[in-house]
């Protein structure tokens, strides 16, 4: 009996009212049997009493066992029905999975645009220079600004890691600026007498910005007056190589200096923020925007707006988005010109 009631407890069968009723009936019949045996003066009072206890005990055990079997069967049936309903009729619609899929597509698109979007503004300018064979409308100091800014940003990454897409963006931008610089150097050298044609002198005299001499100028000449006005593309590569090596050595020596790391991070984004300044100064000095691609400036502005919002949302270091705001202001000023 103890084992049975313990089993009933663990099976959590809530039919105690029926069991109480059974016990009450058994007790009543026992008292009735005992009273009858006393009235009849039989000698088998105890035998009749124990026999009744045994009979009613077996009866209650049978009822309890039937109740247990019934409840176990009902519980198993309900679980089976619930499983079938869940798997067949009540399967949840994966709305959240679709939403996550869309968000991942948007996030991936934003990352790709962040990496390659900076290249887009220079495609129209590249095509204009290549088509017209005239590089006057584009300032090669824009290339200098972006090359220095992105080299410093890569050095900043070694001291303080930021998002990988921003690192890849710097590498892509360096490649883009080298391509632009190569085209500008080739076209500008030809226009300033690199091809030694008969009409070169007239082009020089009519140019609004002239070199004092037509002879080749190289980086290894170490002439300050002709800094970043060299006539060979290899001279620019030599300068960038030496600049990168020196900066890398300094960064390695001060890699654990927090002040130095934060400073080069600020210098990197500040240089990039001043990207449009050379173009603005050139336009102001020449009193003309001829040769400058308006599409390039519009793409500058839209790209800088997107980039600044991206920096803020992605919790990039504050140097990034503060200088992004400055960059947008300069873009608007150039559009005003």
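Glycine is no exception: its Cβ is also placed from the backbone N, Cα and C atoms.
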* Asked: TrEMBL lists transmembrane segment for one of the ranges 135-154, 195-214, 215-234; which is that range?
  -> 135-154
* Asked: Which one of 3-20, 21-38 shows up in TrEMBL as transmembrane segment?
  -> 21-38
* Asked: Of 78-100, 101-123, which span is tagged transmembrane segment by TrEMBL?
  -> 101-123
* Would you mind telling me which of 41-61, 293-313 TrEMBL tags as transmembrane segment? => 293-313
* Asked: Do the transmembrane segment (260-281) and the transmembrane segment (101-123) come close, with at least three CB pairs under 8 A (pairs 6 or more apart in sequence)?
  -> no
* Residues of the parent chain within Cβ reach of the transmembrane segment (236-254), under 8 Å, 6 or more residues beyond its termini -> 147-148, 151-152, 155, 158-159, 178, 181, 185, 219-220, 228, 230, 260-261, 264
